[in-house]
Amino acid sequence: AKGGDTCEYLLSSGRFLGEKVWQPHSCMMHKYKNSEAKNCLVDKHIVFIGDSRIRQLFYSFIKLINPQVKEEGNKHGNIPFEDKAASIKVDFLWYPEVNGSMRQRIKSWTEGSVAKPHIVVAGAATWSIKIHNGSNEALTQYKINITSIAPLLEKLAKSSDVYWVLQDPVYEDLLSESRKMITNEKIDAYNEAAVRILNSSSRNSKAKVKLFSVSKLIAQETIMKSADGLHLPESSRDTNAMILMNVYCNKIMKPIDGSCCQPLPPLTLIQKLAFCFFTLSIIGYLIISLIHRNNFRKNKSCTDLESGEEKKPAISTPSVSTLEMLLHSFCKLGLIMTYFYLCDRANLFMKENKFYTHSSFFIPIIYVLVLGVFFTENSKETKVLNREQTDEWKGWMQLVILIYHISGASTFMPVYMHIRVLVAAYLFQTGYGHFSYFWIKGDFGVYRVCQVLFRLNFLVIVLCIVMDRPYQFYYFVPLVTVWFMIIYATLAVWPQIVQKKANGNCLWHLGLLLKLICLLTCIYFLSYSQGAFEKIFSFWPLSKCFELNGNVYEWWFRWKLDRYVVFHGMLFAFIYLALQKRQMITEGKGDPLFSSRVSNILLVISVVAFLTYSIWASSCKNKTECNELHPSVSVVQILAFILIRNIPGYVRSVYSSFFAWFGKISLELFICQYHIWLAADTKGILVLIPGYPMFNILVSTFIFVCVAHEISQITNDLAQVVIPKDNSTLLKRLLCTAGFFSGLLLFSAVQDQSRH
């Protein structure tokens with residue numbers, strides 16, 4: 001669906017999602033706020049010309065600019081509206097019939113000296129039917145009049161946006177006696193005449209009067225709710241006004257979630273360079289593969305003529321060089337990134353708005369949970385939060401988050417609050433996992449840091465380049481990256497306290513607790529000092545990473561929302577490992593974690609705490625207030641879950657291999673969903689197969705999961721090559737990386753200059 005086509009679709013086709021949400025065919029409609037409408041229409045003059053139905057549309061349109069407007073004034077006369085602050089003029093001109101006087105008014109705008117309106121919305125017919133009692137002569141006259149007006153509208157369309165509104169059907173049972181002659185049969189005849197005449201006149205010229213026929217479809221669904229059978233109910237005319245706003249404003253305002261009528265964004269310099277790089281990688285890989293294949297054929301076993309036996313070659317398989325492995329990875333990545341670009345930047349595939357219903361969220365959740373339980377296996381180890389268990393945890397959380405995103409469930413507060421806990425649980429695992437590693441291994445080398453940073457950030461950096469998005473846009477990765485660096489700094493800074501050292505002397509435990517208290521103090525200070533936080537992250541080049549829409553507020557909000565949970569994860573790891581070292585917990589297969597009595601008491605407390613949190617989250621009414629409390633209380637449900645999952649020996653000894661598989665690629669799933677499962681940067685849904693929603697979801701999900709798995713493989717392969725264990729080689733690579741990012745910053749600055 002190309003940009004131009006989506007305009008056609010927006011004006012002519014669509015369907016209702018639920019009762020009030022209109023979904024244009026193939027594209028997404030943005031819901032304009034008053035401020036956005038004013039910014040778009042600043043210094044514009046808009047004219048609505050026609051009968052009482054056009055007057056209704058006029059009122060709905062000006063309410064998008066100023067919701068306080070009252071529908072008063074002469075019903076059968078002109079109505080002016082002006083917003084002086086934004087210098088917007090919107091006029092309604094009362095011309096209930098397509099006749100000489102309407103022609104005269106339109107002609108006056110086509111003559112040289114007169115200021116032309118920027119937008120003209122016209123339409124009329126029901127008065128002609130009513131006054132002439134539905135006679136055929138009136139229809140003939142209507143055709144003659146519209147034929148004489150059509151060339152003038154075409155001439156006006158060369159400099160202005162001109163829309164001809166087709167007539168909505170009526171609900172004949174509700175019509176008053178004086179309007180009984182207005183039948184749907186008559187309306188269809190008038191519409192047919194208008195479409196035929198306006199389309200034939202526009203065939204010869206480039207300018208085109210746009211036919212606003214979508215109103216008919218909306219009216220077919222809603223006219224029975226009309227007060228008089230003739231005029232549309234308010235919600236329907238508001239939808240028409242919003243469609244009109246999208247048709248005109250999307251190309252000016254370029255909202256992310258308004259894909260209708262948006263032209264293709266031009267390729268940036270960085271995108272062009274990325275395209276060249278991936279193209280060269282694909283060509284390079286093909287050349288090397290061909291050379292290898294030819295060499296392999298030459299080495300292939302050839303028959304010894306004297307003995308009639310086959311001699312085996314020295315090498316039976318071609319050895320894979322580092323260069324070939326690199327080119328192979330970049331070749332696959334190039335093809336995947338092409339798919340990303342086509343899905344979410346090229347207007348090739350359709351996009352639709354999300355629409356939340358309870359069934360669209362809860363039915364897939366139940367289905368996925370049943371599947372997960374079905375794939376239960378015995379785990380290799382039975383320690384608390386062992387690798388298989390954390391993979392399982394990440395897996396089911398990621399699947400729930402994906403269903404939450406595609407169903408648009410963020411509008412339902414209880415679900416929103418529980419999803420916030422799942423995001424917090426990811427960060428809790430970050431604190432737990434990295435703290436455990438540094439504490440047990442004591443490995444603070446650069447190699448470990450580079451490996452973690454590469455695995456976390458590789459995909460996001462590639463997407464920032466290919467999709468032309470800022471780093472902060474993929475907010476979860478900056479969040480995990482910064483917290484990893486904070487954990488590293490806390491433990492690596494002098495004095496380095498690790499388990500080996502602390503076992504000899506208990507005072508070291510105290511020293512580590514002091515470090516954790518210092519960390520907590522810093523977090524507390526930054527969370528209540530927005531100014532200090534923004535100053536730190538507004539320094540160049542940090543600002544390049546953490547700014548979104550020109551400021552770091554979004555980053556501050558995201559960081560603040562889960563500010564304590566990483567600390568809680570570190571503290572939990574410290575306490576758990578201390579208890580484990582002192583053998584105060586039993587982690588044998590099938591054994592409860594503590595003595596039977598203690599285990600039972602803790603289990604009851606955990607279940608009560610878990611349910612209490614859920615009840616509180618479900619009763620939340622105000623998102624802002626609940627977000628304020630969330631950082632302090634989310635740990636309650638996380639700890640309750642860990643204890644419920646680990647205290648009973650049997651539960652700790654099994655895991656779901658289905659969830660664990662998804663857990664291994666959870667980061668890739670989280671990032672890839674932005675562009676190849678959802679669309680318009682998560683604001684909508686990608687439509688690969690229009691008209692079949694269930695089949696579309698199955699196909700797009702299958703491709704999405706395969707791509708995420710492949711990217712996970714590519715990242716692991718590249719991490720082995722790009723980050724060597726040898727320190728001197730690693731230092732050279734780091735210098736090259738610094739050069740790469742300096743180049744990126746330079747090109748980015750050039751891009752920004754050219755944009756401004």
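Including glycine, each Cβ sits where the backbone N, Cα and C put it.
Per TrEMBL, the features are:
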- 22-92: domain 'NXPE C-terminal' (DOMAIN)
- 253-734: domain 'Cas1p 10 TM acyl transferase' (DOMAIN)
- 269-291: transmembrane segment (TRANSMEM)
- 355-375: transmembrane segment (TRANSMEM)
- 396-417: transmembrane segment (TRANSMEM)
- 452-468: transmembrane segment (TRANSMEM)
- 474-494: transmembrane segment (TRANSMEM)
- 506-526: transmembrane segment (TRANSMEM)
- 561-579: transmembrane segment (TRANSMEM)
- 600-617: transmembrane segment (TRANSMEM)
- 629-647: transmembrane segment (TRANSMEM)
- 659-679: transmembrane segment (TRANSMEM)
- 685-709: transmembrane segment (TRANSMEM)
- 730-750: transmembrane segment (TRANSMEM)
Six or more residues out from either end of the transmembrane segment (355-375), which same-chain residues have a Cβ under 8 Å from its Cβ atoms? 17-18, 21, 23, 395-396, 399-400, 403-404, 407-409, 411-412, 415, 656-659
For the domain 'Cas1p 10 TM acyl transferase' (253-734), what is the mean per-residue pLDDT, to the nearest integer? 91
Is the number of Cβ-Cβ pairs under 8 Å between the transmembrane segment (659-679) and the transmembrane segment (452-468) three or more, considering only pairs separated by 6 or more positions? yes
Close approaches to the transmembrane segment (396-417) from elsewhere in its chain (Cβ under 8 angstroms; 6 or more beyond its ends): 354-358, 360-361, 364-365, 368-369, 372, 423, 425-426, 617-618, 620-621, 623, 626, 630, 656, 659, 662-663, 666, 669-670, 673, 677-678, 682, 685, 697
Report, as numbers and ranges, every residue of the chain located at least six residues beyond the transmembrane segment (600-617) whose Cβ falls under 8 Å of a Cβ in that stretch; write 'none' if there are none. 414, 417-418, 421, 594, 626, 633, 636-637, 639-641, 643-644, 647-648
What residues in the same chain, six or more past the boundaries of the transmembrane segment (730-750), come closer than 8 Å to it by Cβ-Cβ distance? 269-270, 273, 446-447, 450, 465, 541, 544, 722-724
Work out, from DSSP, the number of helix, strand and coil residues along the domain 'NXPE C-terminal' (22-92). 22 helix, 19 strand, 30 coil
